[in-house]
Amino acid sequence: MNAIIWENNQLQLLDQTKLPRTIEYIQCTDYHTVGKAIKKLSVRGAPAIGAAAAYGLVVGAQQVDATDRKTFLEKLEAIAGELGATRPTAVNLRWALDRMMMRLSTAPEQNVEDLRKIMLEEAHAIYNEDVESNRKMGEYGQELLPEEARVLTHCNAGALATAGYGTALGVVRAAHEKGKKVHVYADETRPLLQGARLTSWEMVQEGIPVTLITDNMAGYLMSKKMVDCIVVGADRITANGDVANKIGTYGVAVLANHHNIPFYVAAPLSTIDMSLSSGEEIPIEERDPQEVTHHGGQPMAPEGVQVWNPAFDVTPNSLVKAIITERGVVLPPFAENLAKICCNKK
């Protein structure tokens, strides 16, 4: 199941808010539709929204009424700004848009139609490189898993969260393809239940054994020695190895540390933000209180109750055993080793 499809010169995004009940694609005829899809989590996961935004910029370029290069680029900068503001925490979003604009600014072509073609080629490259990166990550990461691996994961870092294959679930997939006996424990991941709705669905679709648990069962699961390792994705990793990921990840990492269970993070180099020295500098998105107070459109809490709804938390590097990338497994000290592996990233 592809979360992002470019077909017949049109972008289609799988509406993940409707999974697993309904498989429905959003037809993105303008860049505003792409921005809304990213904002409302119809497309989500750091690598996926980066690729979606790249294609969104292509859609925007189709809308731009300009005949000269200068006007064309100015209007695209404004569109990139709008798309980049939809979600502040995931660095892949801004990375993909910056890469698209850099490709345009360095292209010698003056003809607007030629520039549009260059943009589509670059968006395709971002998409295809992500799939390839995920497969490489999976290959490196599966080596960390024992032959019989019980893996706990949080949120959804699978094919749905990327251009394809997945980051954390890419590790699981690769292990499964190697013939390892993998059993996934999926945190439901409140408040939007990405683990229940998406991770469980992906695993069931592929025939990989999966057990769904509520978030507050994770500690007891670990205490019963039912978990061999934790593998999660990331929305941003800072230069020192601090990791921003879906809210609740930090708690899982603390529990893993207490129970001496390795906590691994799988993420492409595009998720690593070397401009930030630590997780304290990461902007944390706060979302609509109704995500907490309502479910399926029905209230679950008294009207008027105050709500705090950060979408992400930050796991300090001291709790991370290793970071799995497409260039290999990065071990502590992260500040030194991330700098080495990122020095040549595109």
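In case you wondered, yes, glycine gets a Cβ from its N, Cα and C as well.
Same-chain residues at least 6 positions away in sequence with a Cβ under 8 Å from that of Asp235 (active site, proton donor) are, in sequence order, Ala46, Thr89, Ala90, Val91, Asn92, Ala244, Asn245, Lys246, Thr271, Phe312. Residues or ranges marked as active site, proton donor in Swiss-Prot: Asp235.
Summarising the environment of Lys246 (substrate binding site), the number of other Cβ atoms within 10 Å of its Cβ, over all protein chains shown, is 28. The substrate binding site annotation in Swiss-Prot covers Arg44, Gly45, Ala46, Arg87, Gln194, Asn245, Lys246.
A coil conformation is recorded for Cys155 (site 'Transition state stabilizer') in the three-state DSSP classification, outside any helix or strand. According to Swiss-Prot, the feature site 'Transition state stabilizer' maps to Cys155.
Nearest in space to Cys155 (site 'Transition state stabilizer'), taking C-alpha to C-alpha distance over the binding-site residues Arg44, Gly45, Arg87, Gln194, is Gln194. Taking the centroid of the Cβ atoms of Arg44, Gly45, Ala46, Arg87, Gln194, Asn245, Lys246 as the substrate site, the other same-chain residues with Cβ within 8 Å of it are Ile49, Ala90, Cys155, Asn156, Ala157, Ala161, Gly233, Asp235, Ala311, Phe312. Long-range Cβ contacts of Arg87 (substrate binding site) within its own chain (separation 6+, distance under 8 Å): Ile38, Lys39, Ile49, Leu93, Glu285. Long-range Cβ proximity for Gly45 (substrate binding site), meaning a same-chain Cβ under 8 A and a gap of 6 or more residues, is found for Ala3, Asn156, Ala157, Leu160, Ala161, Thr162, Gly233. Cβ neighbours within 10 Å of Gln194 (substrate binding site), excluding its own Cβ and spanning all shown chains: 27. In three-state terms derived from DSSP, Asn245 (substrate binding site) belongs to an extended strand segment.
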